[in-house]
């Protein structure tokens, strides 16, 4: 596709689910977008198996972008990402795993990738409601374009995965990126507990607890966190590695 794409292209984009007739087109697009070769069974699954959310963005009838994701129970998360959610979440808590998100080169920077990602979020909110606590994906450590895209949409690096990919016989490193939704969060670290306690103490009036105890606790926490004023903490920011 080499046509000049107008700035108003997004207004002409339609969304629809992938179907079996799209297999050849999807194979061609994935060959252009990704260095990984997928088996034929993968293409059959994402275009017919209802466990996948497979959405195409079309422009004047042609597929110009797509997103494929699987919404599954946290018990089905692979071992390397098993700590995406804290252990206190129930076993029927769900996560959404993005297998693929791509846009035809000429149509990039027109908001189509964002539209597809937002459509996944909308789908989760209507089907999984608040049971889905995280959206995650894997990306090559060298894919700066994709990394910037996800980081600009509040995904956080959760894990570094050495030798995660095998591309044409060469092992490549990957990252796991996660977006927490509906109150989802990773396991807390010691620092998280300290920050949370600091926030709670800072919200108390010294008159409500013995003044000496308050001052000692406040000084102790400041010694752990010399770079930040505890009184300014209003919450916890989670960040890990993909």
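Quick reminder: no glycine exception, Cβ is built from N, Cα and C everywhere.
Annotation comment: Swiss-Prot describes 38, 99, 165 as substrate binding site. Cβ neighbours within 10 Å of residue 99 (substrate binding site), excluding its own Cβ and spanning all shown chains: 17.
Under the three-state DSSP scheme, residue 152 (acetyl-CoA binding site) falls in the coil class. Annotation source Swiss-Prot lists acetyl-CoA binding site at 101, 102, 103, 109, 110, 111, 112, 113, 114, 143, 150, 151, 152, 153.
Sequence annotations record features per position, and here Swiss-Prot assigns domain 'N-acetyltransferase' to 13-182 based on sequence analysis. Across the domain 'N-acetyltransferase' (13-182), the prediction's mean pLDDT works out to 96.
Positions annotated as intramembrane segment by Swiss-Prot: 193-236.
Listed in sequence order, the residues of the same chain lying 6 or more apart from residue 79 (N6-acetyllysine) and placing their CB within less than 8 Å of its CB: none are present. Under the heading N6-acetyllysine, Swiss-Prot lists 79 (among others).
Every protein chain considered, the tally of other Cβ atoms within 10 Å of the Cβ of residue 105 (N6-acetyllysine) stands at 13. The N6-acetyllysine annotation in Swiss-Prot covers 105 (among others) and rests on experimental evidence.
Residues within less than 8 Å, Cβ to Cβ, of residue 109 (N6-acetyllysine) and separated from it by at least 6 positions along the same chain comprise none. Feature annotation from Swiss-Prot assigns N6-acetyllysine to 109 (among others); the stated evidence is a curator's inference.
DSSP gives residue 121 (N6-acetyllysine) a helix state. Its Cβ placed at the centre, residue 121 (N6-acetyllysine) has 15 other Cβ atoms within 10 Å. Swiss-Prot lists 121 (among others) with the feature N6-acetyllysine, giving a curator's inference as the kind of evidence.
Residues annotated as N6-acetyllysine in Swiss-Prot: 156 (among others).
If you look up Swiss-Prot, you'll see 162-173 marked as region 'Required for homodimerization'. Using DSSP to sort the residues of the region 'Required for homodimerization' (162-173) gives these counts of helix, strand and coil: 0 helix, 10 strand, 2 coil.
Per Swiss-Prot, the feature site 'Required to position thioacetyl group' maps to 34; the stated evidence is experimental evidence. Within its own chain, residue 34 (site 'Required to position thioacetyl group') has 100, 102 as residues 6 or more apart in sequence whose C-beta sits under 8 angstroms from its own. According to its DSSP assignment, residue 34 (site 'Required to position thioacetyl group') is coil.
What Swiss-Prot lists as topological domain 'Cytoplasmic' is 1-192 (among others), and the listing cites a curator's inference.
What Swiss-Prot records for 237-242 (among others) is topological domain 'Cytoplasmic'.
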Distal contacts, the region 'Required for homodimerization' (162-173) - CB-CB under 8 A, six or more residues away: 35-36, 80, 138, 140-142
Protein Cβ atoms within 10 Å of residue 103 (acetyl-CoA binding site), excluding its own: 23
Residue 110 (acetyl-CoA binding site) to residue 121 (N6-acetyllysine) - Cα separation in whole Å: 19
Maximum Cα-Cα separation (Å), residues 38, 99, 165 listed as binding substrate: 14
Other CB atoms, at most 10 A from the CB of residue 114 (acetyl-CoA binding site): 14
